[in-house]
Amino acid sequence: MASWNSTSLEVLYEVLGWSAFASWSVSFYPQVILNFRRKSVVGLNFDFVVLNLTKHSSYLIYNATLYFSAAVQRQYYEKYGYGQMIPVAANDVAFSIHAVLLTAIMLVQIAIYDRGSQKISKISLVIVSAVWLTAAVCFFIALPTHSWLWLISIFNSIQVFMTVIKYIPQVFMNFGRKSTDGFSIGNILLDFLGGVANYAQMTVQSIDQNSWVNFYGNIGKTLLSLVSIFFDLIFMLQHFVLYRAKKSPVNPKSSKDIEEPLVKSTDQSQSEEA
C-alpha cells in the first residue's frame, strides 16, 4: 500500500478534504432552515430532493464499502496496483452519512410543510425505482463471484448519473418561475466551495504520488466535483443575474397554493381534465 511522500502535501490533503466536508455538510442547512422559517417548501423542487436522496445513498454505499472493507480494498489494489492509495478518505464517508440524514429531513419537511401545488413527478419515481432495481440485480450478479469492487463501482456510477440529472428539475423550475425565491442560494455557494476543495484534494494526492490514477480510479468523485461546480454556476447565474429582481410570491397561505398530494393519482388527473 502506498504512503505519502510529502508530509506537507498530506496535511494539505487532509485540510482540503475536511474543508470540502464542512462546506458540503453545512450547505444542506440553509435550505432546511429556510423551509423551517417559512413553514413552506414552495420553490424547492421535490424531484431534486428525491433524486438527491438516491444519489447520496448510493454514494454512501460506495464510500463506506471501499473505506472499511479489506476485501474490496484488496480487489482495488489488484486492479490498479498495490502502489496506489485508496481514493476514499474519512471525510468522504462522514459527508455521505451526513448528506443522507439531511436529505431525509428535507423529505420530512416536504411531507409536513405547505407545498402549494407542487408534487413529486412520476418520472422521478420511475427513475428512482429503476435505479434501485438495477442495483439489486447487480448485487445478485456479483454474489457468486464476490465481485464486490465491480458492484460498488455500479453504485458509484449510479451516484454520477444521479448527480448529473438531480439539478435539472430545479434549474427548469427556476427558469419557469423566473425566480429562485424559496431555493436557498446559501446551499449553492457552499456546495460550490465544497466541489472546488474536493477537486483540489484529489489534485494534491495526484501530485504527491506522481500519478493520476485516483482520478479515473474514483471517477465518481471526480465527476461529482465537476458536475456540481457546473450546475452551481448555473444557479448563481440565475440568482444573481437573471432573476435577481424577479421575486415570485411564496406566501404559504396564498389561495393559489392549495395543498395537493405529493403524487397525483391517475383518477385525480382524469377528473381535473374532465
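The first residue you see is number 1, and the count goes up from there.
Placement of Cβ uses the backbone N, Cα and C atoms for every residue, glycine included.
Any TrEMBL annotation is an automated prediction that lacks curation.
Note that the structure is a prediction, hence the values are computed from the model and not measured.
Listed in TrEMBL:
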| type | residues | note |
| --- | --- | --- |
| TRANSMEM | 15-36 | transmembrane segment |
| TRANSMEM | 57-73 | transmembrane segment |
| TRANSMEM | 93-113 | transmembrane segment |
| TRANSMEM | 125-142 | transmembrane segment |
| TRANSMEM | 148-168 | transmembrane segment |
| TRANSMEM | 180-202 | transmembrane segment |
| TRANSMEM | 222-243 | transmembrane segment |
| REGION | 249-274 | region 'Disordered' |
| COMPBIAS | 265-274 | compositional bias 'Polar residues' |
Taking the transmembrane segment (57-73) as reference, which of 15-36, 93-113, 148-168, 180-202, 222-243 has the most Cβ pairs under 8 angstroms?
148-168
Listed stretch, out of 15-36, 125-142, 148-168, 180-202, that has the most CB pairs under 8 angstroms to the transmembrane segment (93-113):
15-36
Establish whether the number of Cβ pairs under 8 Å between the transmembrane segment (180-202) and the transmembrane segment (15-36) reaches at least three, counting only pairs separated by 6 or more residues.
yes
Outside the transmembrane segment (125-142), six or more residues from its ends: residues with CB under 8 Å to it:
50-51, 54, 58, 148, 150-151, 154-155, 158, 161-162, 165, 263
